[in-house]
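Per TrEMBL, domain 'UvrD-like helicase ATP-binding' is recorded for A:15-316. For A:Ala36, A:Gly37, A:Ala38, A:Gly39, A:Ser40, A:Gly41, A:Lys42, A:Thr43, the entry in TrEMBL reads ATP binding site. Per TrEMBL, domain 'UvrD-like helicase C-terminal' is recorded for A:317-620. Here TrEMBL flags A:708-761 as region 'Disordered'. Marked as compositional bias 'Polar residues' by TrEMBL: A:709-720. Annotation source TrEMBL lists compositional bias 'Low complexity' at A:730-749.
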Amino acid sequence: MTTTPTALTAETLLEGLNDPQQQAVRHEGVPLLVVAGAGSGKTRVLTRRIAWLIAVRKAHPGSILAITFTNKAAAEMKERVSELVGNRARMMWVSTFHSSCVRILRKEVEHLGYERLKSNFSIYDAQDQKRLIQLVCSDMELDPRRFQPGPILHWISNHKNELRGPDEVAAEARNSIDETYAAAYKSYQRRLREANAVDFDDLIMETVRLFQLKPEIRETYRRRFRHILVDEYQDTNHAQYALIHQLCGQDLEEHDPTTLDGLPADRVPPAELMVVGDADQSIYAFRGADIRNIMDFEKDFPDARTILLEQNYRSTQTILTAANAVIERNEGRKPKRLWSDAGDGEKIVGYVADTEHDEARFVSTEIDALTDQGLKPSDVAVFYRTNAQSRVFEEIFIRTGLPYKVVGGVRFYERREIRDALAYLRMLVNPDDQVSLRRILNTPKRGIGDRAVLAITMFADRERITFWEALQRAAEAPGLATRSQTNIEGFVAMVVELQQMVAAGERPDVVLETVLDRSGYLASLEGSDDPQDATRVENLGELVAVAREFAEDPVAAPSADPADVDAGLVEPGLADFLERVALVADSDQIPDAPADDAADPDAPEDQGVVTLMTLHTAKGLEFPVVFLTGLEDGVFPHSRALGDKPELEEERRLAYVGITRARQRLYISRAVVRSAWGAPAHNPGSRFLGELPIDLVDWRRTEADQTRWTRPSYGSSDDYSGNRLGAPNAAGRRNFSSAAARADAAAKSKPSRPIPVLAPGDKVTHDSFGLGTVVAVEGAAEKSVASIDFGSDGVKRLLLRYAPVEKL
DNA sequence: AATTAGTTCATTTTT
DNA sequence: TGAACTAATT
């Protein structure tokens with residue numbers, strides 16, 4: 001296909017699209033919902049439609065607002081549209097909800113009516129929020145047992161997503177706990193604003209509030225955005241939904257006539273709206289996503305039209321049939337069946353392992369076999385429900401020499417040194433940012449300890465000045481040691497000097513390097529003998545590189561908004577860099593599609609690596625081969641979801657997402673025994689396994705194949721679920737709070753303790769000694785004792801009844 | 001101020 | 001089990 005914009009015609013834009021896809025591209029007028037099943041080419045539809053709007057319907061690019069959920073998706077979409085329509089695409093707003101809202105808020109903050117909130121506000125992420133709420137809690141002298149940061153923040157976030165401010169919530173508090181929470185919410189908000197900061201949820205909530213407060217401002221944006229497209233609509237929360245309505249709703253005025261004040265008489269008709277999503281892939285309810293937004297679209301927009309995309313261009317029919325079969329179990333779901341003309345392909349391969357180690361070994365061996373058949377490790381992904389499950393795979397993969405990469409876990413921008421460095425930069429841009437300021441005040445150690453901080457805090461409170469102002473007037477603070485005062489003065493002098501540098505418009509990377517140097521931060525790491533600190537220095541080098549790249553080419557950097565650059569908004573400064581970093585976080589996380597780039601000719605064996613990740617992070621990705629692991633009730637579906645229908649349905653959608661990531665081959669596996677929190681637990685197979693059509697799965701190994709155990713003569717039942725393996729050691733008796741332990745307790749009534757039947761020469765594993773070979777066995781059944789050679793750990797005599805030994 | 005020994009508590013996390 | 005946080009020690 002040609003990429004020359006001049007050759008762009010209606011025909012080329014519809015080329016290669018199926019009928020419903022074409023309809024979605026051509027649609028005009030009423031609100032449109034595109035229900036896009038997994039792999040049905042929705043990104044293609046979105047990009048073609050945008051190009052269509054510009055090229056065929058002559059829409060001004062600046063009148064287009066396209067919302068995605070990740071910056072990566074935004075950057076990709078912008079890129080693809082640019083390929084179609086060329087430079088004109090620069091004027092579009094293609095960004096996340098959060099980025100769009102930041103742009104609006106930075107411009108309009110003063111209309112919000114917060115005294116301290118200015119356009120250089122900081123954006124607080126989860127970690128910053130936690131620090132702030134901790135300050136609030138200690139301020140309120142809350143019992144740290146009953147009121148923990150996590151739950152409070154979650155509670156606040158829920159309310160913000162529902163657009164409920166602190167006063168509203170306080171008014172509705174029904175008990176003392178709610179009242180305390182509401183008070184914490186109020187204090188948290190107050191401190192946020194005092195710090196000239198907002199959190200992620202505020203970005204949306206405050207934008208909605210802005211539009212409510214100032215209808216004329218809302219009107220200017222309604223006027224500007226004539227075409228609004230929202231991707232991943234099933235993941236929107238209520239606040240985001242409200243925002244869309246403010247921009248597109250045709251009947252908003254009737255709902256709320258009081259907001260009409262100040263509206264120009266010549267109001268514009270609502271923008272053309274298209275939302276794209278798939279209710280079956282809604283897996284973020286726990287973060288406030290409200291599946292009703294997409295389910296009720298036709299109700300919310302009565303004249304709406306719906307287009308279904310069911311043809312899948314990614315997977316084999318076998319995989320799709322499996323996915324359909326699972327998701328159909330969800331109730332109240334709108335019917336949709338994915339289909340493919342790619343043929344049935346391979347059967348799904350199933351495997352029941354004895355333990356999670358065996359499961360990982362199976363995966364490893366199988367990947368080995370696949371690579372022998374010409375597949376690259378980068379074609380393979382291993383999915384699991386929780387991050388903790390990655391460990392076993394890592395252990396085994398390291399042992400077998402299989403290259404891999406874990407996606408998720410500790411992200412680059414969450415590392416301590418990166419956050420420290422960014423905290424310096426943030427407080428330079430916004431000295432009111434107390435969280436950042438407190439973070440680096442004594443990092444590295446410069447003799448400003450808790451006592452000094454306390455004295456300054458009290459002084460600031462009494463004088464009703466900010467923390468930073470109090471630091472500058474440290475000499476007046478009562479109860480401050482002279483030594484601390486000297487140290488603070490040194491710190492203030494350094495900050496002032498750095499601030500001048502920023503004010504002079506110095507490049508972000510240069511500021512960063514100076515900060516690291518002048519603060520002594522880098523020196524303190526370099527002087528350390530902790531090997532971790534060497535890595536930290538490297539990471540900081542990386543951050544400087546990121547800043548440099550940004551300074552030199554902000555457009556090429558991920559998710560840049562060229563409209564800003566075009567608009568002659570000077571060259572990006574430190575504040576812009578911080579904003580990018582705050583909202584983009586980790587584009588380097590997910591390895592790009594198996595790179596064909598001959599970037600490194602010195603690495604001919606570059607076959608890429610196997611990708612390990614949670615099912616949640618897998619959303620939106622695809623791989624030729626997928627291993628779906630840990631399919632056990634209590635693991636996946638997660639134990640917390642077992643008793644709750646909506647949650648169980650969300651787990652099922654997660655399974656659906658996982659299955660539909662696979663293009664050619666899908667493996668499903670589970671472990672009969674899995675060690676959770678130290679104690680081995682016996683998990684029954686996932687209910688989702690039973691929902692797969694049996695003829696689609698080729699079971700390589702089943703429960704019946706598992707290592708034989710002597711069954712107690714009185715326990716003839718096939719049902720082994722709930723049995724605990726090995727000795728009821730100290731570890732095993734702890735932790736009766738978890739669901740796994742509860743299942744275990746329920747099983748206690750059944751007297752049975754499987755004892756492995758061993759013979760000399762057998763290979764076994766022991767929980768603490770590892771791999772061993774049986775040398776001799778004495779006694780029978782309950783009294784059998786085996787002598788086992790564990791290599792470097794020597795030969796042990798073990799009473800099989802108690803020893804955590806497994807036959808291999 | 002920094003190390004260390006206890007204690008607690010364990011989903012998922014696009015921004 | 002083990003990481004992550006707190007409290008107590010030197």
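Each residue, glycine too, has its Cβ placed from N, Cα and C.
DSSP assigns A:Thr43 (ATP binding site) to a helical segment in the three-state reduction.
In the three-state DSSP assignment, the secondary structure recorded for A:Ala36 (ATP binding site) is strand.
Under 8 Å, Cβ to Cβ, and six or more positions away along its own chain, A:Ser40 (ATP binding site) finds A:Leu309, A:Glu310, A:Gln311, A:Asn312, A:Tyr313, A:Leu338. Annotated ATP site A:Ala36, A:Gly37, A:Ala38, A:Gly39, A:Ser40, A:Gly41, A:Lys42, A:Thr43; additional same-chain residues within 8 Å of its Cβ mean position, judged by their own Cβ, are A:Asp278, A:Leu309, A:Asn312, A:Tyr313, A:Arg314. Counting every protein chain shown, 29 other Cβ atoms lie within 10 Å of the Cβ of A:Ala36 (ATP binding site). The binding-site residues listed here are A:Gly37, A:Gly41; among them, A:Gly37 has the most other Cβ atoms within 10 Å of its own Cβ.
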